[in-house]
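Here the structure is laid out as structure tokens; the discussion comes afterwards.
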Amino acid sequence: MSDVQANKHNFSAKVIGHFPGGVHPPERKQPASSQPIRKLKLPQELILPVRQHIGPSGKVLVKVGERVDKGQRLTEAGLSQGLPLHAPTSGTIAAIEERPTAHASGLPEQAIVIHPDGEDRWGNKHALPDYHDVEISRLLELIQEAGIAGLGGAGFPTAQKLAQQKPLKHLIINGVECEPYIAADDRLMQEHADDIIAGIRILQYITRCDSVLLAIEDNKPEAIKAMAEAIDDNPQIQLKVVPTKYPSGGEKQLIELLTGHQVPSGKLPMDIGLLMQNVGTAYAVKRAIIHGEPLLERVVTLTGESLKQRGNVWALLGTPIQHLLDESGFTPEKKQRIIMGGPMMGFTLPITEVPVIKTTNCVLAPTEKELPSPGPELACIRCGACADACPATLQPQQLQWLAKAKDYESLEKHNLFDCIECGACAYVCPSEIPLVHYYRKAKAEVRNIAREKAKAEQARKRFEARQERLEREKEERLERHRKAAEERKKMQQEMQQEAQQKNSDEPGSKAEEGTEKPAGKSAAVAAAIARAKAKKAAQAAKESPEESNSAKGNES
Amino acid sequence: MSLFGAVIALGILALIFGVILGFAAVKFRVESDPIVDQIDEILPQTQCGQCGYPGCRPYAQAIADGDDINKCPPGGEATIKQLADLMGVEAKPLDDAHGEEDVKKVAVIREDECIGCTKCIQACPVDAILGAAKQMHTVIEHECTGCDLCVEPCPVDCIDMVKVKARPETWQWDLDTVKENIKANSIPVKVVE
């Protein structure tokens with residue numbers, strides 16, 4: 001790109017900052033980056049895991065057998081973190097059951113299964129071509145209702161990220177796509193540059209930010225050209241071309257690269273006045289607001305030498321990976337691996353009957369020759385290559401020792417949670433130690449310990465509350481008994497007095513003797529005795545008929 | 001004379017420090033024995049009573065009073081190690097007399113067999129069972145500590161202790177379990193060879 005062109009299109013080839021570490025693996029973006037994005041024929045079934053993002057899942061709104069339109073909501077937006085799910089095409093709900101999900105564990109999760117009817121019939125769409133008179137809170141609601149999660153990687157609900165009310169210095173749009181093989185964002189920028197810019201303008205309107213930095217790695221000249229043309233002479237959007245290095249697309253790495261500032265450990269970019277969104281997310285926001293279309297499909301790179309037809313596709317969410325492979329001339333070799341995500345951060349899929357989810361950007365089917373499986377793990381020779389490669393300036397070899405020793409306290413002290421799992425350390429390791437695997441394991445264990453601890457605390461509280469309740473109930477019971485006893489005593493005394501009165505009218509009667517005896521130990525017994533005596537007294541009184549009436553009254 | 005001076009000076013100092021200590025004893029008084037709290041913190045709070053005490057806190061008190069630290073099967077080796085660190089004693093293996101370390105479980109009531117006798121509700125140390133007399137009972141899964149105490153009192157034996165299922169977000173990245181996880185699915189799936 002010439003300097004003249006660079007000036008006209010308002011972009012600088014220079015970036016201020018630089019981040020430590022990083023690696024230069026073979027890029028292998030071809031041929032995926034030069035093929036237009038294909039549309040696929042509908043798969044037999046779509047599998048939509050109810051939970052596709054960070055946070056709890058929403059309530060399922062449909063029943064088995066129900067017919068749904070394209071874009072119809074399948075789950076409720078749920079709690080503050082929940083994102084709704086929509087039918088990617090029209091069809092019938094075939095099942096709501098546990099299906100294996102796009103996760104390294106192969107564990108099943110609740111999923112809605114749709115059998116497409118082939119009509120691809122849209123339900124109601126609420127397009128909003130002019131969003132400028134709409135309140136920002138309403139726009140955020142619309143983005144939330146469209147089910148948009150960050151399409152770059154972690155899948156954090158976009159509306160929640162946008163809703164954080166802090167003044168922004170820059171809005172950063174991430175089109176770096178630094179991982180080898182993946183070219184989904186690249187193709188999207190080449191083919192839909194105008195839509196992405198429109199999306200960026202909506203994001204700008206929502207965040208009230210007038211400085212946008214759009215970052216693209218310098219190995220994507222086509223995308224840079226397309227985006228520069230789409231930006232035209234908009235002074236608010238600056239195109240930043242960053243040098244090719246992995247992992248410059250990491251959120252914290254890119255921020256350091258563009259602004260020279262580091263996001264402190266444990267803080268968010270928002271804390272230093274920055275917000276980052278992926279180009280795919282900007283595109284999805286545009287579709288949601290201006291066209292009223294929820295997030296139903298995404299660009300997925302299908303690549304690797306086991307595929308005849310390598311390139312990018314528009315894959316409906318829920319499309320089984322097997323369908324994508326079948327549509328790309330998949331010729332598996334012996335011990336074929338299928339990797340979801342790129343070669344650095346992805347994971348080997350245990351089965352291919354798992355669906356495309358909102359964060360699926362690449363499916364890689366490499367031959368053994370192209371991407372050999374890792375050899376046996378050898379001993380760490382403390383060469384320090386991993387520490388040089390680490391973009392987060394951690395001590396990977398130290399973390400590895402600590403993880404093996406299960407010393408979770410020290411791991412946290414060594415900032416294990418700053419690790420972005422980019423895989424640069426494992427890439428350079430001469431002993432082929434699967435370092436990231438150890439970190440993932442350790443992170444899962446640390447989280448598990450925290451969860452157990454919270455649960456134990458909860459159990460302790462409930463146990464104590466129960467003990468307290470039992471104690472209180474016991475006291476209340478004793479109190480009740482004491483009161484009842486007092487009542488009886490009182491009654492007994494009254495009766496005795498009455499009897500005494502009666503007897504005093506009739507001196508020499510046998511009943512008189514009883515009244516002088518002390519009351520029984522048990523109040524109940526005493527009361528019973530008193531009643532019996534009163535009866536006796538009444539019988540004695542029967543001899544004089546004029547008093548028998550009052551005695552009967554006593555008895556009852 | 002100098003002897004008197006020294007005695008008086010020391011006496012005054014003793015008085016001052018006495019006052020300070022007396023004040024501190026009242027002002028910074030701790031309600032309970034903090035070591036018991038610390039031990040209680042380490043114990044898993046299942047309240048199962050397998051240690052022979054009616055709950056975790058009584059056992060914490062007992063440990064503080066010198067009882068063995070290896071009587072807690074739900075906590076297992078990890079808890080014993082932590083207790084040993086805290087108490088400054090040697091860690092020893094779990095005492096078999098109190099049970100063996102087991103995977104985490106939760107109680108599940110087979111609801112159509114429940115007769116609504118409320119006996120399990122009374123046995124549950126953390127109030128994790130919901131129900132009323134002659135009404136079906138059910139276990140609030142995320143409150144259940146897996147202590148086993150409700151199984152025994154049930155007159156119709158309708159309570160099962162089931163292993164806590166791994167979920168993707170709680171999975172420990174144990175790649176050896178992957179094959180098993182897939183097999184556990186009932187639907188036919190194509191496994192990558």
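Every residue gets a Cβ built from N, Cα and C, even glycine.
Just so you know, TrEMBL annotations are computer predictions that nobody has curated.
[4Fe-4S] cluster 1 binds A:Cys380, A:Cys383, A:Cys386 as TrEMBL records it, and from the list A:Cys419, A:Cys422, A:Cys429 the residue named for this site is A:Cys429.
Taking only the Cα positions, the spacing between A:Cys380 ([4Fe-4S] cluster 1 binding site) and A:Cys422 ([4Fe-4S] cluster 2 binding site) is 19 angstrom. Around A:Cys422 ([4Fe-4S] cluster 2 binding site), the same-chain residues at least 6 positions away in sequence with a Cβ under 8 Å from its Cβ are A:Tyr246, A:Pro247, A:Gly250, A:Met344, A:Met345, A:Pro391, A:Val436. Same-chain residues with CB within 8 A of the center of the A:Cys380, A:Cys383, A:Cys386, A:Cys429 CB atoms, the [4Fe-4S] cluster 1 site residues themselves not counted, are A:Ile381, A:Arg382, A:Gly384, A:Ala385, A:Pro396, A:Gln397, A:Cys425, A:Val428, A:Pro430, A:Ser431, A:Ile433, A:Leu435. Broken down by DSSP into helix, strand and coil, the domain '4Fe-4S ferredoxin-type' (A:410-439) contains 17 helix, 0 strand, 13 coil. Of all the binding-site residues in the list A:Cys383, A:Cys386, A:Cys429, the shortest Cα-Cα distance to A:Cys419 ([4Fe-4S] cluster 2 binding site) is found for A:Cys386. The number of other Cβ atoms within 10 Å of the Cβ belonging to A:Cys386 ([4Fe-4S] cluster 1 binding site), over all protein chains shown, comes to 27. Separating the Cα atoms of A:Cys425 ([4Fe-4S] cluster 2 binding site) and A:Cys386 ([4Fe-4S] cluster 1 binding site) is a whole-number distance of 4 Å. The secondary structure of A:Cys380 ([4Fe-4S] cluster 1 binding site), as reduced to three states from DSSP, is coil rather than helix or strand. Long-range Cβ proximity for A:Cys383 ([4Fe-4S] cluster 1 binding site), meaning a same-chain Cβ under 8 A and a gap of 6 or more residues, is found for A:Pro430.
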